């Protein structure tokens, strides 16, 4: 007698869930996948009716599945959310330019408004030009810092209350391992949070916090979703890759390792001694974004690039060298001043200012594709 689905006991199974080991049919897989995400959203109380929510869309499997599931759940359970797609063009030739075409296709398929912003518009640099300047060793630091601020700025332009990203269980477990390997106990105590928000930043959350990457791939495959599967050409040199390789070995030996690591991170209690290492949050004197020093990380990195000192914002030694080099020369590009909800939702322009020269040159509007 043929084996039947472990859940419905009527159809033949076509897959074995990496997360639980259950052999289930396609319809049951769709149901449990979506229901688990729905339960995560409810338990964490991520949304309120009427929230304007931006989905961080890169065109990859995680963000594509997130957009599909968020729209599905919003319609099915009447969350009452207004959804948008928000994409950041880092300026990586042969990677991001191709993946953005996938995002535009997703916009048509899901009928959601899309806004695309670029590093070049905000910072005057692309990732290609940054890598040419600093090499591949620390390029992911630039990308991560610039991307986070660009997402907040894009969300402020859209007037949204909330950004959701496709970070999955594997990503969260990798972050826990990275903080352990670096001895960063202060960040270990907060890296498993499903939702983060500061007084001067937009709320961010990870609906896929407990969702395995393998199951996201399987969902995208069986749903036949359109997504871009090529890895970033600069990511193989990232430190995260070591944590990822280690996690895959653990998962092969024990599939529950991913979720167990997350639970372990959640259970960590960080003492006062560790939290003292965290600097007091300030506001960047130059661009108005959150900072732990007089200048935020993005402004420090950008000034270093502009002054030919690419590693100035990477290490304390580099920062001291930058400070010792004297006042910021006039004419260097700086980041436009950031204010929460400073723009109306229809305002799709931004500018790059030059230090000591007022507003500087006006740049072209961001791509703004409306649904429907």
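Cβ atoms here come from the backbone N, Cα and C positions, even for glycine.
Here is what TrEMBL records for this protein:
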BINDING   56, 57, 58, 62, 88, 166, 171  ATP binding site
DOMAIN    53-231  domain 'tRNA(Ile)-lysidine/2-thiocytidine synthase N-terminal'
DOMAIN    283-309  domain 'Cytoplasmic tRNA 2-thiolation protein 1 C-terminal'
REGION    343-372  region 'Disordered'
* To do: For the domain 'Cytoplasmic tRNA 2-thiolation protein 1 C-terminal' (283-309), provide the mean pLDDT of the predicted model.
  => 88
* Can you count helix, strand and coil residues in the domain 'Cytoplasmic tRNA 2-thiolation protein 1 C-terminal' (283-309) using DSSP? -> 10 helix, 3 strand, 14 coil
* May I ask which residues of the same chain, at least 6 positions away in sequence, place their Cβ under 8 angstroms from the Cβ of residue 56 (ATP binding site)? => 63, 86, 87, 88, 151, 163, 164, 165, 166
